[in-house]
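The transmembrane segment feature in TrEMBL is assigned to A:6-24, A:31-52, A:58-79, A:91-108, A:120-140, A:152-170, A:176-198. Sequence annotations record features per position, and here TrEMBL assigns domain 'Glycine transporter' to A:7-79, A:94-167.
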Amino acid sequence: MKAFSYWIGMAGITAFAVTAVLVLAPKGIDLFSAIVLGIITAVGGGTIRDLILDVQVFWAVDLNYLWVAIVASLVTFFADARLTRKEIFRLMLYVDGFGVALFAIQTVDKAWGMDFGRPLAPIILGIITAIGGGLMRDVLAGRQTLLMTRELYATPVLIGCTFYVALLSWAPDSRFASALGCGALIFALRAAAIRWDLAMPNWLMTKSRPG
Amino acid sequence: MKAFSYWIGMAGITAFAVTAVLVLAPKGIDLFSAIVLGIITAVGGGTIRDLILDVQVFWAVDLNYLWVAIVASLVTFFADARLTRKEIFRLMLYVDGFGVALFAIQTVDKAWGMDFGRPLAPIILGIITAIGGGLMRDVLAGRQTLLMTRELYATPVLIGCTFYVALLSWAPDSRFASALGCGALIFALRAAAIRWDLAMPNWLMTKSRPG
Amino acid sequence: MKAFSYWIGMAGITAFAVTAVLVLAPKGIDLFSAIVLGIITAVGGGTIRDLILDVQVFWAVDLNYLWVAIVASLVTFFADARLTRKEIFRLMLYVDGFGVALFAIQTVDKAWGMDFGRPLAPIILGIITAIGGGLMRDVLAGRQTLLMTRELYATPVLIGCTFYVALLSWAPDSRFASALGCGALIFALRAAAIRWDLAMPNWLMTKSRPG
């Protein structure tokens, strides 16, 4: 089971890096920036989490996270022009969703196990881990961050992490099943958002108006 | 006295979150982003401070900071359309000024007590705590940060923290009175800036010109 | 030798702060923002490094880094209008290159000595230290970051740090000579880029196109 989540993790890191490069390529970026932004997107959120938890950053403990992010960025950089981007990109969004679900649940689990600010702080850390890297990428690349769009990216994470914390509180014995279920929930919600282009409904938006 | 500063702190957190949502609402943001940006604005600066001081982040020690930020963001989100914004906003600016003064002085006091890079580093940390959250909010929301405006927001903090450090050095016995006085000074300067729309004078600005 | 690299370090900090203020002055910034952004540019990258390495931030250990950054920012702020900017700016770019080379190699050396995620993590930290402060400055000032330009700024750092790590692995006895050589290499590449306005070649760029 550990091995399984390790490999999903690596697939998630790959997807984070690949989508980062594909998203930024149209702006015209150089090889070095592609790798840097690929790495930041892939490991940025988890880095903030580890700093807050005051544990050694995960990519220094296991360098494979960095290697995978670098190779994925490199390959995407050189293959970018040749790829029929749309299909690959869509596929990558789903793998990205897998990664988001895994990292979020892993983070909640880790913080919960450390008794870190239960019950609320683990949820916050789950969200930071899931979206932190993408936020850094967009800020550094001068793009609008997902916090200012209607995309359903972080809301599934919030829902899944909240459920997981509730289950950890009320049914601590079925920790593994809860993790699996809540991870699947995050992925399902995210996949649905990708598949049907779901966006935030109007009543959950403030009215845009001249400030 | 502890209880008093605790309640001012909660009022400050509330004001940080409320002003964040009010400032961003006209851009059209969703409920989730409102809460995330409310939290970041409220606790972002203190989080950087705690990471640098290498102590556990304050919102994991006492979850009330997070709860208050979440509830304040939520209420503001749903009440936004109905509020006569201008009056509330102005009131919130003053409460925000209270919070800024309190957090800045608390931070200087904490870092000074830890003998952390006296005398300069405590002042730097005071400023980071006071403006860090707002800077993160503006960067993530794609707004111009206060560092690029003429608003008198951080300068009162600099003045108050510097005075406080001077008093801690030269009159260590009257620590409490000094804290109170310097906190009041920060609030007074900030309130004056809000009341009379004070801005940086020209001679303290570089001349804007084509770069 | 320690003293020598200490003085280069201070010169580098000075150059970071001076170039920050010179770059931002045409936008019209106030004295306070000039100092804050000067400090952030000068010590920002090293601060992230120290947080990740979980050691006390270097500017709290030795306040001279802060003092130098503050004085350099102040002097530049008031002298800005009078300076024939172009010559000074070009000179400062070279000193900045000195600083970048020194801080990058120092960081690799420090992380390597701590056995921190060898061999890859020290290179990553070297790059973070060299460019982190500048990235923060540009994000806070609303400028395009160097990751989105073709400027050859970080690539020399990547090359030099990679060489240094290779030499540390294969010739650990000649650590000092390796550090000197790789530092010189970074500076030489950066100086060449400044001197001849070198930019990333086309084949190392993705094609800019409507996204």
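The count begins at 1 with the first shown residue.
Glycine residues also receive a Cβ, built from the backbone N, Cα and C atoms like all the rest.
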Mind checking which residues reach the transmembrane segment (A:120-140)? Cβ under 8 Å, same chain, six or more beyond either end.
16, 20, 23-24, 37, 40-49, 52-53, 100, 103-108, 111-112, 146-147, 153-154, 157-158, 161-162, 164-165
Counting Cβ pairs closer than 8 Å to the transmembrane segment (A:91-108), the top stretch among A:6-24, A:58-79, A:176-198 is A:6-24
Under 8 Å Cβ-Cβ from the transmembrane segment (A:58-79), and at least six residues away from its ends along the same chain, one finds 9-10, 13-14, 16-18, 20-22, 25, 31, 34-35, 37-39, 42-43, 46-47, 50
Other than its close neighbours in sequence, what residues sit by the transmembrane segment (A:6-24), given a CB gap under 8 Å and a spacing of at least six beyond its ends?
33-34, 37-43, 64-65, 68-70, 72-73, 76-77, 80, 83, 85, 88-89, 92-93, 95-96, 98-100, 102-103, 106, 133-134, 137, 141, 143
Segment-level pLDDT (mean, integer) for the domain 'Glycine transporter' (A:7-79)
93
Under DSSP, the domain 'Glycine transporter' (A:94-167) has how many residues in helix, strand and coil?
58 helix, 1 strand, 15 coil
DSSP tally for the domain 'Glycine transporter' (A:7-79), helix/strand/coil in that order, comes to 64 helix, 1 strand, 8 coil
